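Asks: Below is a structure I'd like to ask you about.
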């Protein structure tokens, strides 16, 4: 963190040991199997306490005061809300295919909307249980408003074939962080869609171009008077373009995620103190590889 008015920088450091976290995760997954998943809330709480207590800002660690019982109660409330939805699914299974398609589509939109609502409520819970130097974080704003924003921008992104994504991302980041408080100090967010647009649209054009080239290769090489089976033969040239598009899209996921996180968090300030964050794409890549490897080991050992 930096204070523009003072020549001083406060570093954020993590001093946790990987082996300790591994022990928490391994024992937690084992207990989840024994308790049919109920221990998950205690595992999440233990992980948060580990991360918070080993994350230091200017030498002082964060503090997490949430409990597993609070998470369990919140989950039970969510279950009560979704029980009628399961009844609705059963009703749709007895209807015509046209009615079922419309009903399932509406249910999917409703669940997506409610996920946005739950995510904002979850963030509010997380911040309200986080302290630094005895001062508590808070989240104002409306979870309903956030859910509507998320749904609206998702529809716009789908209708524009992804072109509205920078606007969606910046808008949701702004809503989340402009309503974040540290004690009685409200956070200020200066991020913009322009910080996301250049790398996003560059990758977008490359992927779209490769897909278009693959489709064109398929069309131009298709036999004019061949049998129907010939139409399904693999075109090596088109396959190369499609593979290239998939590889670029996979690379773009890590690069864009790192760039957006770094740019948006670095646009956050509290008073005259501003945050500076650098997230590297290769770090996210290796984290995913490590997580997938660990998940595979757990699946083999316990399942």
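Every residue, even glycine, has its Cβ placed from backbone N, Cα and C.
The transmembrane segment annotation in TrEMBL covers 21-42, 68-89, 101-120, 151-175, 196-219, 239-256, 284-302.
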Asks: Report, as numbers and ranges, which residues of the same chain sit near the transmembrane segment (284-302): CB under 8 Å and 6 or more residues beyond its ends.
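Replies: Result: 25-26, 29-30, 33, 254, 257-258.
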Asks: Near the transmembrane segment (151-175), which same-chain residues lie under 8 Å Cβ to Cβ, leaving out any that are not at least 6 residues past its ends?
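Replies: Counting only partners 6 or more residues beyond its ends, the transmembrane segment (151-175) has Cβ contacts under 8 Å with 109, 112-113, 116, 141, 145, 189, 191-197, 200-201, 204, 260, 264.
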